[in-house]
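Swiss-Prot annotations:
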type: BINDING; residues: S7, G8, I9, A10, S29, S36, T37, G42, G43, D191, E337, S353, L354; note: FAD binding site
type: SITE; residues: E102; note: site 'Important in orienting the L-aspartate substrate'
type: ACT_SITE; residues: R257; note: active site, proton donor/acceptor
Amino acid sequence: MIYIIGSGIAGLSAGVALRRAGKKVTLISKRIDGGSTPIAKGGVAASVGSDDSPELHAQDTIRVGDGLCDVKTVNYVTSEAKNVIETFESWGFEFEEDLRLEGGHTKRRVLHRTDETGREIFNFLLKLAREEGIPIIEDRLVEIRVKDGKVTGFVTEKRGLVEDVDKLVLATGGYSYLYEYSSTQSTNIGDGMAIAFKAGTILADMEFVQFHPTVTSLDGEVFLLTETLRGEGAQIINENGERFLFNYDKRGELAPRDILSRAIYIEMLKGHKVFIDLSKIEDFERKFPVVAKYLARHGHNYKVKIPIFPAAHFVDGGIRVNIRGESNIVNLYAIGEVSDSGLHGANRLASNSLLEGLVFGINLPRYVDSSWEGISTDDGIVHSVRISGNKTLSLKEIRRINWENVGIIRNEEKLVKAINTYSSSTQNEAIISYLTALAAEIRKESRGNHFREDYPYKDPNWEKRIYFKLVV
């Protein structure tokens, strides 16, 4: 039996692909609709346009990744994108005909379904998985059992010990809800990643947390304003109507997310209010019906300037894997946001996350019967970590500490404060927060999503990955 933990785009697409390849599959998720996929707004990046190519897509990905992309992975994902999209469409999913432009891309290459692509994909895949007869069970992963470097089973809250495990596929998502301001659901707390780390997987790139620049909260309802709004003409302004982003980057609203989030955050620290102006978008209600409905719920329309702020959105790091999704533990795969394939480097290109989930999920049947290759850590430094203690922290405390000390702008004092707070706790959320702060403290430079005001420049000596391995 192949067990998949997680019910987002990676887990569901892997389940369907494996089932259609004749494999026995069971999918377990702590909350079936609780992940990031149902709330993903933008789309799937793929070089399907006549003026585009996998090479151009790879170039954009590598440029935005700021020196830390795994080039082999980038070339694999961008070259597989078209084939995977064709497979997905052959399953019955229909994208809209127009391609959209998002920040960091040099071509229109974002496939979408209105402005709520993630929800449409999730609903489609969940229905398809059920039609394929895949058991989908709500339960929570507690522990992964490993012996002699190989998975032997796992433990869940309801089922207890499960031992009939041929392969275990983790698709449990990231941990951006561990920040006080977040665009993601409350299930996104990194527990799958922490459990895998405690079982012996190697984690990498934990310092690179991506903050989305355009999140709003009208009447307390947090809502992510999709990247494609800016591709279609939305402008970001301050209370004086100034498009201040051009003071930070010549691309203005179409600069990568790390630059925009930092710029908006700095403006807010200066005392400015920041808004998104949607009035320049043609045919707004047809192109963005979900945004229009959100605004209407709160008594607004697209001609009103909407207040925005940056919020934790995605994590580039995670369980280090190769292009097959294989970790350093035999028969333990990680796909989607829980993994670190090296695709995103120090900063993810918009709409590459849904693509990554589809590529690693749909292609998984190619590799499950092959001999295990595992990973290499030759492109970085492996740091051995011990975890101990019985300190207990509430999720509210952790979210506040991370936002204040391991957030958009970092420094030594704040990072050490966070490290000291988390170092005596074995809570899953504290372990992940500890490793994020520790990686950020170790990396004494600024690169991609990681910005330190005490080391504000990129250092070529730091063009290497930071790995963590648990020492028992």
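Cβ coordinates come from backbone N, Cα and C, glycine included.
Just so it is clear, the model here is predicted, and its values are computed rather than measured.
Secondary structure from DSSP puts S7 (FAD binding site) in coil.
Just so you know, the Cβ of I9 (FAD binding site) picks up 32 other Cβ atoms within 10 Å once every protein chain is counted.
For the FAD site, whose binding residues are given in the record as S7, G8, I9, A10, S29, S36, T37, G42, G43, D191, E337, S353, L354, the maximum C-alpha distance rounds to 26 Å. I9 (FAD binding site) sits 22 Å from R257 (active site, proton donor/acceptor), taking the C-alpha atoms as the reference points. When the alpha carbons of S29 (FAD binding site) and E102 (site 'Important in orienting the L-aspartate substrate') are compared, the span between them is 31 angstrom. Between the binding-site residues S7, S29, S7 has the most other Cβ atoms inside 10 Å of its own Cβ, all protein chains included. In this structure the C-alpha atoms belonging to E102 (site 'Important in orienting the L-aspartate substrate') and S7 (FAD binding site) are separated by 26 Å. The Cβ of R257 (active site, proton donor/acceptor) has G103, G104, Q210, F211, H212, P213, E227, H313, N347, R348, A350, N449 as same-chain neighbours under 8 Å, each 6 or more residues away in sequence.
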